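**Q** Once you've had a glance at the structure underneath, I'll fire off some questions.
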């Protein structure tokens, strides 16, 4: 398919981190919050959760802008942290953030991010995911408390942000860094190319 440089991305997210990552691709984009329901069945696998929610977010925005004249691709994304088969979403409060970080410290967990793309003109869709292993350092209660009080964990799956102060809590990762941040750019680039959008 010939690359179409006039196409734009509609990001179905209000996440500042995802906005920064989309902007780094130097493709025209706009932001449309999805307001999608994020509840999932209890028997869904991590892969089903992130792919299902990414698609749900993209579909919510697609339903608002679907039009044959729209030269855009809607992108939805969702990220979860999984520790020993337990899914960790965003903490509900500081105590919950402390509990999550306490459970993650000194252990290896997986971060899953799902990405969904929908062509606004014809509804063609593509859904994929990636996972990355993250090993946390051994952390004292004092260090965990200091990080929680920084305010950074509040809106992040697993209660940490690897692109900020949370980087100091991480010992190592295996896989894509951007999967942990919330939008795997290499995967997204491959997906966009199937809609005629080539990053390079």
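Even glycines carry a Cβ here, placed using N, Cα and C.
Predicted, not measured: the structure shown is a model, and the values here were computed from it.
Okay, these came from TrEMBL:
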- 17: site 'Important for substrate specificity' (SITE)
- 78: active site, proton acceptor (ACT_SITE)
- 79: site 'Important for substrate specificity' (SITE)
- 163: site 'Important for substrate specificity' (SITE)
**Q** Out of 79, 163, give me whichever of these recorded sites has the highest number of other Cβ atoms within 10 Å.
**A** 79
**Q** Nearest of the recorded positions to residue 17 (site 'Important for substrate specificity') by CA-CA distance, picking from 78, 79, 163?
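**A** Comparing Cα positions, the closest of these recorded positions turns out to be 163.
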**Q** Expressed to the nearest Å, what is the distance separating residue 79 (site 'Important for substrate specificity') and residue 163 (site 'Important for substrate specificity') at their Cα atoms?
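**A** That separation, Cα to Cα, works out to 14 Å.
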**Q** Given the recorded positions 17, 78, which one has the fewest other C-beta atoms within 10 angstroms of its C-beta?
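**A** Per-residue Cβ counts within 10 Å for the recorded positions 17, 78 bottom out at 17.
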**Q** Round to a whole number and give the Cα-to-Cα distance in Å for the pair residue 78 (active site, proton acceptor) and residue 163 (site 'Important for substrate specificity').
**A** 17
